[in-house]
Amino acid sequence: MIPNPLRDPRDRRLPRVPEPCALVVFGITGDLARKKLLPAVYDLANRGLLPTNFALLGFARRDWGDQDFAELARDAARNAARTPWREEVWERLASSVRFVQGSFDDDNAFDELAATLGELEGSHGIGGNAAFYLSIPPAMFPVVLKQMQRTRMAESTPDRWRRVVVEKPFGTDLASSRELNELVDSVFSAQDVFRIDHYLGKETVQNLMALRFANELFEPVWNGHHVDSVQITMAEDVGIGGRAGFYERTGAARDVLQNHLLQLLALTAMEEPVEFSADEIRTEKLKVLRAISLPEDLGTFAVRGQYEQGWLAGQRAKGYRQEEGVDASSTTETFAAVRLGVETRRWAGVPFYLRTGKRLPRRVTEIALVFKRAPHLPFADTDTEELGNNQLVVRVQPDEGVTLKFGSKVPGSVMEVRDVSMDFLYGEQFTETSPEAYERLLLDVLLGDATLFPRNAEVEASWSVIDPLEEFWAGSTPEPYRAGEWGPRAADQMLAAEGRRWRRP
Amino acid sequence: MTTLWDTTGSAVVKELAAQRRTGGAVLSGVALTLVVVADEGRVTEAEDAATVAAEQHPCRILVVVRRQIEAPVPRLDAEVSIGGRLGPGEAVVMRMYGRLALHAESVVLPLLAADAPVVTWWHTQPPARLAADALAVIADRRITDSTSAPDQLAALRTRAQDYAPGDTDLAWTRATAWRATLTSAVDSVAGRRGDAVRVLGGRVEGAPGSATARLLAGWLSSRSGAEIDVVQATRHPGDTGVDSVVLQLDQDEEVRVHTDRRGGAVISQPYRPDATMALPDRSLGDLLGEELRRLDPDEPYAEALEVTTGLSGLTGRASLRSHVWVDPAEQDGRPDGPDGPVDAESVGDNSPHGAAPTVPPTSEGTDEVALAGEHDSPDPTAPEAVR
């Protein structure tokens with residue numbers, strides 16, 4: 001930031017506000033743009049976090065005028081905004097909303113887009129800064145990026161920045177992700193590329209770092225001497241919705257395991273960064289991702305499943321193969337569980353159990369550290385029958401918070417120890433200040449803060465973990481599980497083989 | 001919700017514990033205790049604001065209403081609610097009559113959330129010396145509102161003379177949106193130039209008698225080193241007392257921000273078209289919520305207050321106050337020992353109108369009362385004379 005006499009580091013009331021800039025969204029009529037991006041832009045404006053000179057540009061194939069687009073954007077923002085609706089805030093925002101119509105291979109449309117950007121520079125004073133949000137299928141990336149290169153829209157100069165935001169999936173395997181990274185990096189310089197993993201925008205995920213590195217209490221036990229195993233779960237109760245085409249090609253491992261779960265693992269297992277900066281944190285995360293090892297016996301320790309029809313939350317749910325658009329003999333997995341190791345001094349010998357699935361009993365994401373049993377219990381065996389392992393659980397969603405599970409004496413005349421849990425609910429201590437993940441991430445892009453965005457080396461390291469799994473699974477049929485169950489039996493056996501069991505989240 | 005008429009502090013503590021026990025899964029974690037000192041006439045306003053703030057920052061709300069200090073017999077009425085009309089958390093509204101009102105802390109102290117910060121907010125005329133109110137002494141942060149004073153500038157001076165780190169004023173909070181807008185406007189000039197900007201002078205147009213306008217000007221002066229004053233605006237300024245701000249920058253440039261009267265501010269700057277930013281009028285609850293966000297001393301406020309009032313050395317003052325006994329019944333205000341806190345003996349001495357309810361000699365049997373959940377009935381442990 002250029003020195004401004006009114007800025008004072010002690011003055012924490014003043015918000016971080018980006019420089020004047022434009023946000024250009026490709027695929028503005030898509031689901032993500034309507035459900036997440038537009039509401040996030042409104043919420044930022046409503047909280048006074050957008051710069052004085054800001055413009056929103058939408059690009060899509062539909063034949064619309066600025067007015068139609070403003071209306072769609074208004075409805076979208078109004079439906080999903082987190083903060084109270086204030087018409088005057090939207091009116092101000094709407095005055096700087098533009099729409100450019102065209103297909104991605106249309107040279108004229110991109111020339112018009114470049115011209116509109118130039119025009120906004122004059123009329124809205126955006127100073128030439130722009131962030132391009134690619135809310136489009138990855139197959140379209142090459143065309144759009146080539147167009148941006150041709151019109152020289154992607155060039156950052158000392159006077160202005162140009163950034164690009166990419167959504168997952170970042171490729172489908174190591175080779176394709178490399179290709180994609182090379183393509184994006186050839187058009188934008190590496191530090192201007194922001195890969196969105198919306199899980200990293202969640203408060204609890206950021207709190208994981210505060211929990212670990214701001215406290216004395218947890219770090220001493222955060223290692224293989226005390227931790228028996230780590231379980232990271234991301235369960236969804238929904239099915240695949242209308243995304244059959246995408247999901248058939250992708251599957252749970254590529255859709256969730258490769259990005260969200262491995263990022264959560266990296267944050268859990270990483271060493272302390274030298275300082276709390278984007279580069280240092282990413283360096284530590286990358287070290288962990290590179291240290292991940294796969295089990296030798298993949299047959300036991302890598303399980304994939306597919307839901308069959310069943311009952312979920314009191315309603316009948318179709319099986320995966322019966323979903324619309326899905327092949328009746330599909331072998332795409334909707335559940336994946338794997339046991340990983342992290343080959344570092346801190347984590348040697350500690351298994352990391354990761355699982356994700358659709359049509360599981362409830363929507364929950366959590367990281368659970370299961371501690372070892374106390375080395376010696378001075379009580380009679382019968383006293384501690386109900387005592388389990390101590391656990392530290394970071395709940396990412398819903399009910400963001402932290403739970404500590406430990407043994408406690410049951411009141412009464414006999415010595416009886418039973419597990420109790422101590423809860424920290426985020427919403428109890430700080431309610432208002434939990435912005436939606438997209439809101440936070442969008443603001444970070446405009447501010448140029450890359451702390452919460454994985455960089456391409458991380459993406460590639462993650463694919464090197466997933467590729468051998470996919471290779472092993474190729475040609476096999478996923479284990480069936482009923483919708484509304486916690487995954488196939490094989491997933492339970494995977495832990496039982498080592499004398500453990502899944503925590504019920 | 002339970003109302004306890006003519007009760008004692010310990011009965012309130014028990015009732016709160018009882019309600020928490022029977023309430024099941026209620027909000028158990030509180031980040032802080034908010035003590036609200038309000039006049040009877042403005043208690044609803046204060047309660048509404050505290051409720052809004054409590055939704056943003058879960059806290060235990062303790063509302064203290066001091067009534068009829070001259071009443072011959074001290075008396076305490078309390079309304080205890082958890083997850084009721086006063087937001088999701090625990091709240092106690094206490095009305096204190098007679099000499100008890102001078103010893104409000106004796107009821108409040110046992111009700112504070114354990115080891116959590118205490119914020120005291122006066123939604124009434126605060127004492128000239130905050131140390132005279134024991135509720136200020138127990139607080140980590142003290143919130144006053146100079147804009148509610150008849151003479152706002154005099155109120156600011158009083159606050160500056162009495163300032164200790166941890167004091168803050170809602171007149172300052174009202175300036176936050178303006179400060180953010182101005183900072184962002186200067187950012188945008190700096191961004192265009194790619195070089196540092198200096199503020200050489202300027203003026204705040206608004207109501208010269210407004211504490212917020214004065215603090216805003218004081219802040220601008222303290223940050224820029226230039227003389228920036230409040231001049232009478234031609235239009236009637238809004239709630240904040242600020243209508244527009246003009247900043248003269250180096251290179252002969254000027255930035256001007258003025259309200260558009262529709263919840264926005266128009267920013268005029270060289271080489272750029274005018275831009276509008278949100279600058280909504282904020283509710284009292286919103287302002288209070290902002291104050292609860294951070295609980296450490298606010299140095300920029302102290303510096304702005306220094307420039308505004310011409311006093312210096314505010315930040316260097318000790319942040320701890322010790323209680324000063326001031327008896328409104330005695331005109332001269334006899335100090336109770338050398339700055340020492342009020343001890344039990346002197347409380348009796350200073351209460352010529354009769355003894356406050358006395359604490360039961362033993363605490364035996366208190367749990368039974370808590371378990372029985374004594375609702376709307378007189379406290380059996382209270383001495384006969386009070387019932």
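Placed from the backbone N, Cα and C atoms, the Cβ positions cover glycine too.
As given in TrEMBL:
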- A:24-207: domain 'Glucose-6-phosphate dehydrogenase NAD-binding' (DOMAIN)
- A:Arg61, A:Lys168: NADP(+) binding site (BINDING)
- A:His198, A:Lys202, A:Glu236, A:Asp255, A:Lys358: substrate binding site (BINDING)
- A:209-503: domain 'Glucose-6-phosphate dehydrogenase C-terminal' (DOMAIN)
- A:His260: active site, proton acceptor (ACT_SITE)
- If you draw a 10 Å sphere around the Cβ of A:Lys202 (substrate binding site), how many other Cβ atoms fall inside it, taking every protein chain shown into account? 21
- If you count the C-beta atoms lying within 10 Å of each candidate's C-beta, which of the recorded positions A:Arg61, A:Lys168, A:His198, A:His260, A:Lys358 ends up with the smallest number? A:Arg61
- Note on the structure: Averaged over the domain 'Glucose-6-phosphate dehydrogenase NAD-binding' (A:24-207), the pLDDT of the predicted model comes to 85
- Item | Listed binding-site residues A:Lys202, A:Glu236, A:Asp255, A:Lys358, filtered to Cα within 10 Å of A:Lys168 (NADP(+) binding site) | A:Asp255
- Message: Using the alpha carbons only, what distance in Å do you get between A:His198 (substrate binding site) and A:Arg61 (NADP(+) binding site) once rounded?
- Response: 26
- Query: What is the interatomic distance between the Cα atoms of A:Arg61 (NADP(+) binding site) and A:Asp255 (substrate binding site), given in whole Å?
  - Reply: 27
- Task: Would you please pick out, from the binding-site residues A:Glu236, A:Asp255, the one with the fewest other Cβ atoms within 10 Å of its Cβ?
- Result: A:Glu236
- Query: Taking the Cα atoms as reference points, how far is A:Glu236 (substrate binding site) from A:His260 (active site, proton acceptor) in Å?
  - Reply: 13
- Simplified DSSP label at A:His260 (active site, proton acceptor) comes out helix
